[in-house]
Amino acid sequence: MTDQLITLIWIIIKIVLILVPLLVAVAFITLAERKVIGYMQSRVGPNRVGFRGLAQPIADIFKLLLKEVIIPTASSRYLYLIAPILSLVPALAAWAVIPFAQGWMLANVNAGLLFLFAMTSLGVYGILVAGWASNSKYAFFGALRSAAQVVSYEIPMGFALVGVLLAAGTMNLQGIVLRQSGGLWHWFWLPLLPLFVTYWITAVAETNRAPFDVAEGESEIVAGFHVEYAGVTFALFFLAEYANMVLVSAIATVIFLGGWLSPFQGIPGLESLFAWVPGIVWFVLKLSLFIFTYFWMRATFPRYRYDQIMRLCWKVLIPVTLVWIIILALAIEFHWTHWL
């Protein structure tokens, strides 16, 4: 009994050690986004709260927590309140299998890749429930758009993950990272470049971020599925969006950029020079690169029309991933794998 209690306490400690830094990071990612986009648009960004605006996320948190939660009269009360939780929980649960460094993970699951794909697909249910329960036509339109978009883009994303599975020969995320040992040119981003690009486009679409944010098109459907939400409930949707953004960036880091592995492996001189850098530092740096591309895309691209988004998925991404999977399967079958 004592051993079971110690194991349970240790698991809880590990969960806290994962979730607390994640939630703090999400808060400051919102500030980083506003600052980066501000500089891209020749603005300063938030600079009033604290030194150079560094306390802005804290002010935003208090503002959201102190606002009243107003439940629409004709809404389905319980579904309305459950919807934000349905969006947030999968985004947090998926972190259980993400390896931050060698052995640094909550659960070393052999079907980790499958678990991640399942978790990233569940968030849409919260959006659907929110659109239905709000009893608002704008919220419902936004929810339907989001459902169609996420279900469509799950197909090319799934094909991209199948390509990684073929190349690595395992669904264990730690095994996938170790399969990429050897340096920058051994990571899967290069031999699986079309799948890498496809994964990243689908990741942006799955998280409903610009330029794929038609689910909350302010100019068309007044913020979409969370138009009737305020205060804490809106904050949970906001948190879920950014937690998903960090999650898909972490997945891309693990399956395409070698996770915690140093980019200087196999390079004489540089490998020993940077040998002191912990693996988790490389992991965070790679993840930050993907987060930056989210900001860059939001500042650069206009929102696509709904038909353009669907056409990109069904007529471009799905055929590209299918062709590359066939090429990869043939290469493995005939042992032309020197490029992997």
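Glycine is no exception: its Cβ is also placed from the backbone N, Cα and C atoms.
These come from Swiss-Prot:
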type	residues	note
TRANSMEM	9-29	transmembrane segment
TRANSMEM	81-101	transmembrane segment
TRANSMEM	113-133	transmembrane segment
TRANSMEM	158-178	transmembrane segment
TRANSMEM	184-204	transmembrane segment
TRANSMEM	221-240	transmembrane segment
TRANSMEM	245-264	transmembrane segment
TRANSMEM	273-293	transmembrane segment
TRANSMEM	316-336	transmembrane segment
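Beyond the transmembrane segment (221-240), the same-chain residues lying 6 or more positions past its ends with a Cβ under 8 Å from any Cβ of the stretch are 23, 26, 30, 61, 64-70, 72, 75, 80-81, 84-85, 87-88, 91, 123, 126-127, 130-131, 134-136, 138-139, 141-143, 145-146, 215. Sequence-distant contacts of the transmembrane segment (245-264) (same chain, at least 6 residues past either end, Cβ-Cβ under 8 Å): 22, 25-26, 29, 91, 94-95, 98-102, 104, 113, 116, 119-120, 161, 164, 168, 173, 176-177, 180-181, 183-184, 186-189, 192, 196, 199-200, 203, 206-207, 209, 270-271, 273-275, 277, 279-280, 282-283, 286-287, 290-291, 294. The stretch from 9-29, 158-178, 316-336 with the most CB pairs below 8 A to the transmembrane segment (184-204) is 158-178.
Below 8 angstroms of C-beta separation, residues 153, 155-156, 159-160, 162-163, 166-167, 192, 194-195, 198, 201-202 of the same chain, each at least six residues beyond the ends of the transmembrane segment (316-336), sit close to that stretch. Listed by sequence, the residues of this chain that lie at least six past the ends of the transmembrane segment (158-178) yet keep a Cβ under 8 A from its Cβ atoms are 97-99, 102-103, 105, 108-114, 116-117, 188, 191-192, 195-196, 198-199, 202, 254-256, 258-261, 318, 321-322, 324-325, 328-329, 332, 340.
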